[in-house]
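Trainee: Structure incoming, see below.
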Amino acid sequence: MTATHNRQPLERPLAQQTSAARDVVRVIVVAASAVLAVVGSFLGSGAAGGTPIRNAAGGALSSDATLIAPGGPAFSIWTVIYLGLLGYAGWQLLPGQRSDPRQRLLGYPMAISMLLNAAWILSVQVGRLAVSVGIIIALLAVLVVIFRRLCRRAPGSRIEALLLDGTAGLYLGWVCVATAANITASLVAAGFGGFGIPSTVWAILVLGLAGTVGVLVAIRGGGRIAPMLSLAWGLIWVAVARIDGRPESTTTAAVALVAAGVVVVATLTVRLRARFRPRHSADYRVARSSNC
(Lines of atoms letter the chains of each structure in order from A and count residues from 1; the text may use other names and numbers.)
(Lines give C-alpha, C1' and ligand atoms only; values in the text may rest on other atoms or scores of the structure.)
Protein backbone atom coordinates (compact mmCIF):
# COMPACT_ATOMS: atom_id res chain seq x y z
CA MET A 1 0.00 0.00 0.00
CA THR A 2 2.80 2.37 0.96
CA ALA A 3 4.76 1.52 -2.18
CA THR A 4 1.72 2.32 -4.32
CA HIS A 5 1.32 5.71 -2.65
CA ASN A 6 5.01 6.43 -3.11
CA ARG A 7 4.84 5.70 -6.84
CA GLN A 8 1.90 8.03 -7.51
CA PRO A 9 3.75 11.30 -6.77
CA LEU A 10 6.55 10.14 -9.07
CA GLU A 11 4.24 9.03 -11.88
CA ARG A 12 2.37 12.34 -12.04
CA PRO A 13 5.41 14.56 -12.68
CA LEU A 14 6.65 12.06 -15.26
CA ALA A 15 3.30 12.13 -17.07
CA GLN A 16 3.29 15.91 -16.95
CA GLN A 17 6.81 16.07 -18.38
CA THR A 18 5.84 13.69 -21.19
CA SER A 19 2.76 15.75 -21.99
CA ALA A 20 4.78 18.97 -21.93
CA ALA A 21 7.37 17.46 -24.27
CA ARG A 22 4.64 16.44 -26.70
CA ASP A 23 3.24 19.95 -26.59
CA VAL A 24 6.65 21.41 -27.47
CA VAL A 25 7.02 19.02 -30.40
CA ARG A 26 3.52 19.91 -31.65
CA VAL A 27 3.99 23.67 -31.57
CA ILE A 28 7.36 23.38 -33.32
CA VAL A 29 5.81 21.21 -36.04
CA VAL A 30 3.03 23.77 -36.53
CA ALA A 31 5.50 26.66 -36.72
CA ALA A 32 7.75 24.81 -39.17
CA SER A 33 4.75 23.90 -41.33
CA ALA A 34 3.65 27.53 -41.46
CA VAL A 35 7.11 28.66 -42.56
CA LEU A 36 7.22 25.93 -45.22
CA ALA A 37 3.78 26.93 -46.53
CA VAL A 38 4.75 30.59 -46.78
CA VAL A 39 8.09 29.84 -48.44
CA GLY A 40 6.32 27.52 -50.88
CA SER A 41 3.82 30.24 -51.68
CA PHE A 42 6.61 32.77 -52.25
CA LEU A 43 8.39 30.46 -54.66
CA GLY A 44 5.14 29.44 -56.33
CA SER A 45 4.17 33.05 -56.94
CA GLY A 46 7.15 33.51 -59.21
CA ALA A 47 8.54 36.26 -56.99
CA ALA A 48 11.91 34.48 -56.88
CA GLY A 49 12.07 34.14 -60.64
CA GLY A 50 10.15 30.90 -61.04
CA THR A 51 6.92 30.25 -62.89
CA PRO A 52 3.82 31.81 -61.30
CA ILE A 53 1.03 29.38 -60.50
CA ARG A 54 -1.24 30.99 -63.08
CA ASN A 55 1.29 30.16 -65.80
CA ALA A 56 2.26 26.71 -64.54
CA ALA A 57 0.81 23.52 -66.02
CA GLY A 58 0.32 25.24 -69.36
CA GLY A 59 -1.78 28.01 -67.84
CA ALA A 60 -4.51 25.57 -66.79
CA LEU A 61 -5.18 27.59 -63.64
CA SER A 62 -5.13 31.04 -65.20
CA SER A 63 -8.13 33.33 -64.89
CA ASP A 64 -9.12 32.73 -68.52
CA ALA A 65 -8.73 28.94 -68.54
CA THR A 66 -12.29 27.98 -67.52
CA LEU A 67 -15.65 29.51 -66.67
CA ILE A 68 -15.06 28.78 -62.97
CA ALA A 69 -11.65 30.45 -62.74
CA PRO A 70 -11.64 33.53 -60.45
CA GLY A 71 -10.08 36.76 -61.66
CA GLY A 72 -6.42 37.32 -60.82
CA PRO A 73 -6.94 39.78 -57.92
CA ALA A 74 -8.98 37.13 -56.08
CA PHE A 75 -5.76 35.33 -55.17
CA SER A 76 -4.60 38.27 -53.07
CA ILE A 77 -6.64 36.68 -50.29
CA TRP A 78 -3.74 34.26 -49.86
CA THR A 79 -1.72 37.14 -48.42
CA VAL A 80 -4.27 37.53 -45.64
CA ILE A 81 -4.45 33.78 -45.06
CA TYR A 82 -0.67 33.36 -44.90
CA LEU A 83 -0.31 36.30 -42.53
CA GLY A 84 -2.98 34.70 -40.36
CA LEU A 85 -1.20 31.34 -40.44
CA LEU A 86 2.10 32.95 -39.45
CA GLY A 87 0.37 34.88 -36.67
CA TYR A 88 -1.31 31.72 -35.42
CA ALA A 89 1.94 29.74 -35.60
CA GLY A 90 3.77 32.35 -33.56
CA TRP A 91 0.96 32.77 -31.05
CA GLN A 92 0.60 29.04 -30.35
CA LEU A 93 4.31 28.92 -29.48
CA LEU A 94 3.65 31.01 -26.37
CA PRO A 95 4.01 29.01 -23.14
CA GLY A 96 0.44 29.79 -22.11
CA GLN A 97 -0.95 28.21 -25.28
CA ARG A 98 1.12 25.04 -25.53
CA SER A 99 -1.00 22.96 -23.16
CA ASP A 100 -4.34 24.49 -24.10
CA PRO A 101 -6.84 21.70 -24.92
CA ARG A 102 -8.02 23.52 -28.04
CA GLN A 103 -4.48 23.83 -29.36
CA ARG A 104 -3.85 20.17 -28.68
CA LEU A 105 -6.99 19.35 -30.64
CA LEU A 106 -6.18 21.56 -33.63
CA GLY A 107 -2.39 21.84 -33.83
CA TYR A 108 -1.59 18.82 -35.96
CA PRO A 109 -4.58 19.22 -38.32
CA MET A 110 -3.50 22.82 -38.94
CA ALA A 111 0.05 21.63 -39.63
CA ILE A 112 -1.22 19.00 -42.06
CA SER A 113 -3.28 21.62 -43.90
CA MET A 114 -0.21 23.81 -44.36
CA LEU A 115 1.93 20.91 -45.58
CA LEU A 116 -0.80 19.95 -48.06
CA ASN A 117 -0.84 23.55 -49.24
CA ALA A 118 2.88 23.39 -49.98
CA ALA A 119 2.45 20.01 -51.68
CA TRP A 120 -0.30 21.44 -53.88
CA ILE A 121 1.96 24.25 -55.07
CA LEU A 122 4.70 21.74 -55.89
CA SER A 123 2.33 19.47 -57.81
CA VAL A 124 1.10 22.37 -59.96
CA GLN A 125 4.62 23.64 -60.58
CA VAL A 126 5.64 20.25 -61.99
CA GLY A 127 2.49 20.10 -64.12
CA ARG A 128 0.70 17.31 -62.24
CA LEU A 129 -2.84 18.66 -62.35
CA ALA A 130 -4.47 15.32 -61.53
CA VAL A 131 -2.26 15.01 -58.46
CA SER A 132 -3.09 18.57 -57.46
CA VAL A 133 -6.79 17.68 -57.50
CA GLY A 134 -6.21 14.84 -55.06
CA ILE A 135 -4.15 17.10 -52.82
CA ILE A 136 -6.66 19.96 -52.75
CA ILE A 137 -9.51 17.55 -51.99
CA ALA A 138 -7.45 16.19 -49.09
CA LEU A 139 -6.77 19.77 -47.98
CA LEU A 140 -10.47 20.58 -48.08
CA ALA A 141 -11.24 17.46 -46.02
CA VAL A 142 -8.68 18.47 -43.38
CA LEU A 143 -10.09 21.99 -43.22
CA VAL A 144 -13.58 20.57 -42.73
CA VAL A 145 -12.26 18.53 -39.78
CA ILE A 146 -10.63 21.67 -38.37
CA PHE A 147 -13.83 23.65 -38.82
CA ARG A 148 -15.91 21.03 -37.02
CA ARG A 149 -13.45 20.97 -34.13
CA LEU A 150 -13.45 24.75 -33.93
CA CYS A 151 -17.21 24.68 -33.59
CA ARG A 152 -17.06 22.29 -30.63
CA ARG A 153 -15.04 24.61 -28.39
CA ALA A 154 -15.32 28.37 -28.10
CA PRO A 155 -12.08 30.36 -28.40
CA GLY A 156 -10.54 31.42 -25.12
CA SER A 157 -9.80 34.97 -26.22
CA ARG A 158 -10.35 37.47 -29.01
CA ILE A 159 -6.80 36.91 -30.18
CA GLU A 160 -7.48 33.20 -30.54
CA ALA A 161 -10.76 33.90 -32.32
CA LEU A 162 -8.92 36.10 -34.81
CA LEU A 163 -5.72 34.11 -35.38
CA LEU A 164 -7.14 30.59 -35.26
CA ASP A 165 -10.88 30.72 -35.95
CA GLY A 166 -10.65 33.64 -38.35
CA THR A 167 -7.70 32.31 -40.31
CA ALA A 168 -9.06 28.77 -40.51
CA GLY A 169 -12.43 30.13 -41.62
CA LEU A 170 -10.92 32.21 -44.43
CA TYR A 171 -8.79 29.22 -45.40
CA LEU A 172 -11.82 26.91 -45.61
CA GLY A 173 -14.01 29.31 -47.59
CA TRP A 174 -11.34 30.05 -50.15
CA VAL A 175 -10.33 26.40 -50.58
CA CYS A 176 -13.98 25.56 -51.31
CA VAL A 177 -13.80 27.88 -54.33
CA ALA A 178 -10.28 26.79 -55.23
CA THR A 179 -11.28 23.12 -55.19
CA ALA A 180 -14.08 23.74 -57.68
CA ALA A 181 -11.75 25.76 -59.92
CA ASN A 182 -8.97 23.16 -59.65
CA ILE A 183 -11.19 20.21 -60.55
CA THR A 184 -12.70 22.11 -63.47
CA ALA A 185 -9.27 23.15 -64.76
CA SER A 186 -7.99 19.59 -64.53
CA LEU A 187 -10.94 18.20 -66.46
CA VAL A 188 -10.68 20.84 -69.18
CA ALA A 189 -6.93 20.28 -69.51
CA ALA A 190 -7.55 16.54 -69.82
CA GLY A 191 -9.94 17.15 -72.71
CA PHE A 192 -13.19 16.39 -70.90
CA GLY A 193 -16.05 17.23 -73.25
CA GLY A 194 -18.81 17.46 -70.67
CA PHE A 195 -20.83 14.61 -72.23
CA GLY A 196 -22.16 17.09 -74.77
CA ILE A 197 -23.59 19.36 -72.07
CA PRO A 198 -22.72 23.05 -72.64
CA SER A 199 -19.93 24.39 -70.45
CA THR A 200 -22.22 27.11 -69.13
CA VAL A 201 -24.57 24.49 -67.71
CA TRP A 202 -21.66 22.78 -65.97
CA ALA A 203 -20.54 26.14 -64.60
CA ILE A 204 -24.02 26.79 -63.21
CA LEU A 205 -24.05 23.38 -61.52
CA VAL A 206 -20.62 23.88 -59.98
CA LEU A 207 -21.43 27.38 -58.74
CA GLY A 208 -24.72 26.12 -57.34
CA LEU A 209 -22.81 23.43 -55.47
CA ALA A 210 -20.37 26.02 -54.12
CA GLY A 211 -23.27 28.14 -52.89
CA THR A 212 -24.86 25.11 -51.25
CA VAL A 213 -21.60 24.32 -49.47
CA GLY A 214 -21.49 27.90 -48.23
CA VAL A 215 -25.00 27.60 -46.81
CA LEU A 216 -24.10 24.32 -45.07
CA VAL A 217 -21.00 25.92 -43.57
CA ALA A 218 -23.16 28.80 -42.31
CA ILE A 219 -25.61 26.42 -40.68
CA ARG A 220 -23.00 24.12 -39.15
CA GLY A 221 -20.86 27.00 -37.95
CA GLY A 222 -23.58 29.14 -36.47
CA GLY A 223 -23.05 31.91 -39.02
CA ARG A 224 -19.29 32.34 -38.86
CA ILE A 225 -18.18 35.39 -40.80
CA ALA A 226 -14.71 34.36 -42.02
CA PRO A 227 -15.68 31.45 -44.30
CA MET A 228 -18.53 33.53 -45.69
CA LEU A 229 -16.15 36.37 -46.59
CA SER A 230 -13.63 34.24 -48.46
CA LEU A 231 -16.20 32.07 -50.22
CA ALA A 232 -18.21 35.09 -51.35
CA TRP A 233 -14.98 36.84 -52.34
CA GLY A 234 -14.03 33.95 -54.61
CA LEU A 235 -17.47 33.74 -56.20
CA ILE A 236 -17.58 37.48 -56.84
CA TRP A 237 -14.23 37.32 -58.61
CA VAL A 238 -15.50 34.46 -60.75
CA ALA A 239 -18.28 36.83 -61.81
CA VAL A 240 -15.85 39.67 -62.49
CA ALA A 241 -13.65 37.42 -64.62
CA ARG A 242 -16.63 36.32 -66.71
CA ILE A 243 -17.72 39.91 -67.32
CA ASP A 244 -14.36 41.60 -67.93
CA GLY A 245 -12.27 38.68 -69.15
CA ARG A 246 -12.28 35.54 -71.23
CA PRO A 247 -14.13 33.27 -71.56
CA GLU A 248 -16.97 35.75 -71.27
CA SER A 249 -20.29 34.51 -69.90
CA THR A 250 -22.94 36.82 -68.52
CA THR A 251 -24.99 33.85 -67.34
CA THR A 252 -22.09 32.40 -65.36
CA ALA A 253 -21.36 35.81 -63.86
CA ALA A 254 -24.97 36.23 -62.77
CA VAL A 255 -25.11 32.79 -61.18
CA ALA A 256 -21.82 33.40 -59.36
CA LEU A 257 -23.16 36.67 -57.93
CA VAL A 258 -26.40 35.00 -56.87
CA ALA A 259 -24.44 32.19 -55.19
CA ALA A 260 -22.31 34.75 -53.34
CA GLY A 261 -25.43 36.61 -52.24
CA VAL A 262 -27.08 33.42 -51.01
CA VAL A 263 -24.01 32.56 -48.93
CA VAL A 264 -23.94 36.03 -47.36
CA VAL A 265 -27.68 36.11 -46.62
CA ALA A 266 -27.67 32.56 -45.22
CA THR A 267 -24.72 33.32 -42.95
CA LEU A 268 -26.18 36.54 -41.59
CA THR A 269 -29.60 34.93 -41.13
CA VAL A 270 -28.19 31.99 -39.19
CA ARG A 271 -26.06 34.32 -37.11
CA LEU A 272 -28.91 36.66 -36.23
CA ARG A 273 -31.32 33.82 -35.44
CA ALA A 274 -28.74 32.19 -33.19
CA ARG A 275 -28.12 35.45 -31.34
CA PHE A 276 -31.78 35.75 -30.41
CA ARG A 277 -32.10 32.17 -29.18
CA PRO A 278 -32.44 31.59 -25.44
CA ARG A 279 -29.05 31.61 -23.71
CA HIS A 280 -29.34 27.96 -22.69
CA SER A 281 -29.99 26.73 -26.24
CA ALA A 282 -27.45 24.92 -28.39
CA ASP A 283 -27.81 27.54 -31.13
CA TYR A 284 -26.88 30.31 -28.72
CA ARG A 285 -23.77 28.45 -27.58
CA VAL A 286 -22.72 27.92 -31.19
CA ALA A 287 -23.24 31.61 -31.92
CA ARG A 288 -21.10 32.55 -28.93
CA SER A 289 -18.26 30.52 -30.40
CA SER A 290 -18.64 31.92 -33.92
CA ASN A 291 -17.32 35.47 -33.58
CA CYS A 292 -15.11 34.84 -36.61
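Cβ atoms are placed via backbone N, Cα and C, with glycine included.
TrEMBL labels come from automatic prediction, so no person has curated them.
Residues or ranges marked as transmembrane segment in TrEMBL: 24-44, 75-94, 106-123, 129-147, 168-195, 201-219, 226-243, 249-270.
I'm curious about the neighbourhood of these features; can you describe it?
Mentor: Here the transmembrane segment (129-147) has Cβ contacts under 8 Å with residues 57, 60, 106, 109-110, 112-113, 116-117, 119-120, 123, 168-169, 171-172, 175-176, 178-179, 182-183, 185-186, 189-190, 217, 220-221, 227 of the same chain, all six or more residues outside its ends.
Beyond the transmembrane segment (201-219), the same-chain residues lying 6 or more positions past its ends with a Cβ under 8 Å from any Cβ of the stretch are 67-68, 147, 172-173, 176-177, 180, 184, 194, 227-228, 231-232, 235, 238, 249, 251-252, 255-256, 258-260, 262-263, 266-267, 269-271.
Packing against the transmembrane segment (226-243) from elsewhere in the chain are residues 63-64, 67-71, 73-74, 77, 81, 147, 165-174, 176-178, 181, 207, 210-211, 213-214, 217-218, 249-250, 252-254, 256-257, 259-261, 263-264, 267, 292: each is 6 or more residues past its ends and has a CB under 8 Å from a CB in it.
Here the transmembrane segment (249-270) has Cβ contacts under 8 Å with residues 67, 200, 203-204, 207-208, 210-211, 214-215, 218-219, 222-225, 228, 231-232, 235-236, 238-240, 242-243 of the same chain, all six or more residues outside its ends.
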Trainee: Select the range from 75-94, 106-123, 168-195 that forms the most Cβ-Cβ pairs under 8 Å with the transmembrane segment (24-44).
Mentor: 106-123
